[in-house]
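Heads up: the structure comes next, in structure tokens.
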Amino acid sequence: MINLKLLETNYDEFVKKLEGKNVKASLLDELLHTFNELKQKRKALENFQAIQNAKSKELGVKARAGEDVSELKSELNLNKAALADADEIVKQYEEKLEQISFSVPNITDDDVPFGKDENDNVCIKTVLEPTKFDFKPKEHWELGESLGWLDFERGAKLSGSRFTVLRGMGARLGRALVNYMIDFNSARGFELVNVPYLVSSNTLFGTGQLPKFEEDLYKVRDEDLYLIPTSEVPVTNLYNDTIIEAEQLPIKMTCYSACFRQEAGSAGRDTRGMIRQHQFEKVELVSITKPDQSEGVLAEMISCASDLLTSLGLPHRHMLLCSGDLGFSAAKTIDLEVWLPGQGKYREISSISNTRDFQARRAKIRFKDGKKNMLVNTLNGSSLAVGRTLIAIMENYQKADGTIEIPEVLKRYM
């Protein structure tokens, strides 16, 4: 959630930044109005509580002195009723404030470019030149089917569209990538964690998926459990409602998991191959930091994922996302896009974000700063998306005869 006190004192800045995320000023007007109304209603409630306490004390004194307290009892009863009404009004305004604030995304960092969509993202770095061939390179689905690595037909038979079966060398390469990514990230100081794939609604609320993006989640019928869309959700929430000692920060973690997404709104996009799946694997980085550490840790996470791609010999570029392409919880995001010669374009393979204190406010993750409890900053990003890395290797390491060379660093993992 955004900081409502900052919204109050920096209203114009919030309007400008959130306009870049397609948030109308009228929503912020309503949010601020409700926030101010709630403060007034709380003052009224506190006034009734003070009157109740004072009159209750007065009643006790007069009763012990043997005085007539019938009129005072009537006043107390009237005030008690008014107090109950005021308390109910406060609860209604608190609920209204929550409903509005839960739908407002994070504000952007100052260096995030204003833009409408992915076409306005800015390339800030290119690593390795796009792979050149003396033959026309094939796309991954053609290579995968001809080699027997990717079985789209049986994936669809088992589960429907956007599911794939990996077989033989395809499955072995996928497993090798997971182990290599975990080892690479661990060597960079990220602690390996293993988490549940089913989480509660409160957990998803903490990282911002609920309530706004429920349509993209898979829910267990009749239970408060959802399949995770990314391991960012359970890993970040390991510290939900926790006060961390300052000397423990930063906390840096890596996690392998399967991920599950409905892909609502993606109809007609990437219908062939493995680019966009309902179930996919990812190795994630999650960091929890002090506010003054998060920029440095963001750079570490970007470097980790980029160096991992470089070690695999995969050409890629760093894209600074514009305001209109930023995620709900993100204040700043760098996408790493890998070159796919079969498609003849770059495709996202990692998205690394600093959410500042947005998720921490929702999940109540704090650290002890002297005598004060302060909100942490949380960061997350892929290092890397396993399926897309497999695709990138297939397309960049293909040979004219349709076979695929295995990158040197992966051979001992095969």
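Every residue gets a Cβ built from N, Cα and C, even glycine.
As written in Swiss-Prot, here are the features:
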- Thr230, Ser231, Glu232, Glu284, Ser382: L-serine binding site (BINDING)
- Arg261, Gln262, Glu263, Glu348, Ile349, Ser350, Ser351: ATP binding site (BINDING)
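Taking CA atoms as the reference points, Glu232 (L-serine binding site) and Ser351 (ATP binding site) are 12 Å apart.
When the CA atoms are compared, the binding-site residues lying within 10 A of Ser350 (ATP binding site) are Glu284, out of the candidates Thr230, Ser231, Glu284.
For Ser231 (L-serine binding site) paired with Glu348 (ATP binding site), the C-alpha to C-alpha distance reads 18 Å. Summary for the binding-site residues Thr230, Gln262, Ser350, Ser351: the Cβ-based neighbour count within 10 Å is maximal at Ser350. In this structure, the C-alpha atom of Thr230 (L-serine binding site) lies 12 angstrom from that of Gln262 (ATP binding site).
Of all the binding-site residues given, namely Arg261, Gln262, Glu263, Ile349, Ser351, those whose Cα is no farther than the 10 Å limit from the Cα of Ser382 (L-serine binding site) are Ile349, Ser351. A Cα-Cα distance of 10 Å separates Ser351 (ATP binding site) from Glu284 (L-serine binding site).
Within the same chain, residues at least 6 positions away in sequence whose Cβ sits under 8 Å from that of Arg261 (ATP binding site) are Asp216, Leu217, Tyr218, Pro229, His278, Phe280. Those same-chain residues not listed among Thr230, Ser231, Glu232, Glu284, Ser382 yet with C-beta within 8 angstroms of the centroid of the L-serine site C-beta atoms are Val233, Val235, Cys255, Ser257, Cys259, Lys282, Val283, Leu285, Val286, Asn380, Gly381. A 10 Å cutoff on Cβ-Cβ distances gives Glu348 (ATP binding site) a total of 16 other Cβ atoms nearby, all chains included.
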